[in-house]
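These notes concern the structure reproduced below.
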Amino acid sequence: LCGSHFWDSTETWYTTDPDFTPCFEQTALVWTPCAFYWVFVIFDFYYLKASLDRNIPWNKLSVSKALVNLGLLVITALDLIMALIKKGGDSELPLYDLDVWGPIIKFATFLLIFIFIPLNRKYGVQTTGCQFLFWFLLTVLSIPRCRTEVRLDADRQDILNSDQPTKPDFSWEEYQFASFFIFFTFTCIMLILNCFADGMPKQTKYQRGENEIPELSAGFLSRITYQWFDSMALKGYRNPLEEKDLWDLRPQDSCSEVMPIFAHHWNQKVRKNYKSKARMEPKAQFSNGNVTFENPHGDKNGRKKGMASIMPPIYKSFGGVFLFGALMKLFTDVLTFAQPQVLSLIITFVEAQETVAEPEWKGILYAVLLFVLAAAQTFILGQYFHRMFIVGLRIRTALINAIYRKALRISNSTKKESTVGEIVNLMAVDAQRFMELTTYLNMIWSAPLQIGLALYFLWQQLGPSVLAGLAVMIILIPVNGVIASRIKTYQIRQMKYKDERVKLMNEVLSGIKVLKLYAWEPSFEKQV
């Protein structure tokens with residue numbers, strides 16, 4: 001592939017002066033960011049489709065991105081041409097596959113990013129996380145080659161300054177040195193440019209005023225660190241926050257954006273369960289999260305009933321963001337158990353210093369790795385909860401809107417079947433329960449995974465003693481089941497009391513004049 005070993009453990013790990021092989025630096029450390037971007041570029045296409053804005057004007061930031069990216073395309077194409085010229089034909093230098101495929105892979109990736117620059121401007125996408133992570137990975141993973149190139153250049157200078165009568169030709173190596181550092185400089189510039197968000201779009205679906213939430217115009221780095229929230233936190237620290245201090249809701253989370261998507265899937269579900277050619281809306285009964293539709297045009301001998309569950313429309317409307325959050329939860333769980341393993345390596349390293357002196361750089365590597373894993377877990381966990389709260393908010397918004405809309409349209413005969421208290425509780429309490437549930441719903445699969453990983457790693461440390469803790473957990477399962485069952489019973493009973501209380505309050509407010517005339521306030525107060 002590249003004329004040398006891809007991996008050499010004696011040069012990389014079992015040494016006091018570690019370094020990667022040139023082949024590994026020019027393949028794995030370069031192609032990994034490229035592969036990452038090609039895998040996750042689907043998110044960039046999704047952001048283009050989901051954007052509510054259009055037409056960001058050309059500015060210094062977008063022009064700078066385009067020019068630097070164009071420079072990378074030129075450098076990469078020049079690398080391929082120079083490799084064919086210097087190593088092709090009758091040249092003494094062998095032409096390896098890396099000399100051809102390396103520039104081609106980088107050129108294709110840079111070209112794809114270059115195409116997205118005008119597309120993001122056209123569709124109003126001010127920042128993209130995939131491109132930021134690509135440039136971040138490419139910059140960080142290029143640092144080892146910087147060290148290698150500087151060392152090789154120093155060796156070449158020593159040879160050229162020596163007293164040897166015939167000095168070798170280093171023209172190809174010198175070109176690689178210059179080309180790489182130009183490439184690395186442009187990569188660092190692209191990383192810095194991608195830390196900032198682009199300008200404001202000219203065309204917006206919703207008016208964006210001075211009180212808009214700063215998250216809309218924040219860059220990717222600002223979003224993952226929540227730097228855009230600093231002004232609100234500082235204002236709340238100095239003075240108590242008031243309603244006028246709050247920002248406007250994001251358009252993506254507003255009812256005007258959430259409800260059409262949910263209504264589309266909900267209507268499909270209703271048509272599927274309510275097979276009637278009549279356009280009249282079926283009667284509805286609310287019960288245990290389901291809505292029962294009765295066919296008014298059924299047979300005389302009996303009515304055909306269809307059950308329309310609320311869950312499939314919720315899955316189809318908000319399942320994408322939820323699944324992305326579940327993927328983040330999986331990464332968080334893995335990182336949670338990776339940190340104790342690194343800590344174990346640190347303990348082993350310290351203990352080994354008393355007998356066999358390990359290289360100092362390994363201890364530094366373990367410490368840095370522990371910090372990186374903890375920081376990554378913190379960032380991902382924050383984004384996970386943020387997305388789960390947003391999904392819960394959207395579900396709550398859609399349900400309240402659907403219930404309120406239905407309550408305004410049902411007939412008088414159906415109103416008698418559902419009390420005002422039930423309908424109000426559906427909007428005020430049940431919809432809120434969906435929002436609270438969404439945040440911790442992933443614990444259904446996350447908790448068994450965490451228990452399994454914990455038992456596996458504890459078995460390696462403690463052996464059969466782990467079974468005692470496992471036995472306690474198994475014994476507590478039926479206890480928890482009984483407690484949960486009792487809580488459910490009490491909650492159902494409490495909801496009935498709430499329904500009766502809301503119904504009674506509605507009657508009190510409707511007949512307040514009669515209550516005042518007969519002085520019934522104390523008796524009704526006791527009932528409430």
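Every residue number used here counts from 1 along the chain in the order it is shown.
Every residue, even glycine, has its Cβ placed from backbone N, Cα and C.
TrEMBL: automatically predicted annotations, no manual curation.
For reference, TrEMBL has these:
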TRANSMEM  28-47  transmembrane segment
TRANSMEM  67-85  transmembrane segment
TRANSMEM  100-117  transmembrane segment
TRANSMEM  124-143  transmembrane segment
TRANSMEM  177-197  transmembrane segment
TRANSMEM  313-331  transmembrane segment
DOMAIN    323-528  domain 'ABC transmembrane type-1'
TRANSMEM  364-386  transmembrane segment
TRANSMEM  440-459  transmembrane segment
TRANSMEM  465-487  transmembrane segment
Tertiary contacts of the transmembrane segment (313-331) (same chain, 6+ residues out, Cβ under 8 Å): 258, 261-262, 265-266, 268-269, 380-381, 383-384, 387-388, 390-391, 394-395, 398, 434, 438, 441-442, 445-446, 449
Contact between the transmembrane segment (100-117) and the transmembrane segment (28-47) (3 or more Cβ pairs under 8 Å, separation 6+): yes
Long-range environment of the transmembrane segment (67-85) - Cβ separation under 8 angstroms, sequence gap at least 6: 95, 99-100, 102-104, 106-107, 110-111, 113-114, 117, 175, 179, 182-183, 186-187, 189-190, 193
Winner by Cβ pairs under 8 Å against the transmembrane segment (440-459), considering only 28-47, 177-197, 364-386, 465-487: 465-487
Same-chain residues at least 6 beyond the ends of the transmembrane segment (177-197) whose Cβ lies under 8 Å from its Cβ atoms: 61, 64-65, 68-69, 71-72, 75-76, 78-79, 82, 126-128, 131-132, 135-136, 138-139, 142, 145-146, 149, 152-153, 217-222
For the transmembrane segment (465-487), sequence-distant contacts whose Cβ falls under 8 Å of one of its Cβ atoms, 6 or more beyond its ends: 451, 455, 458-459
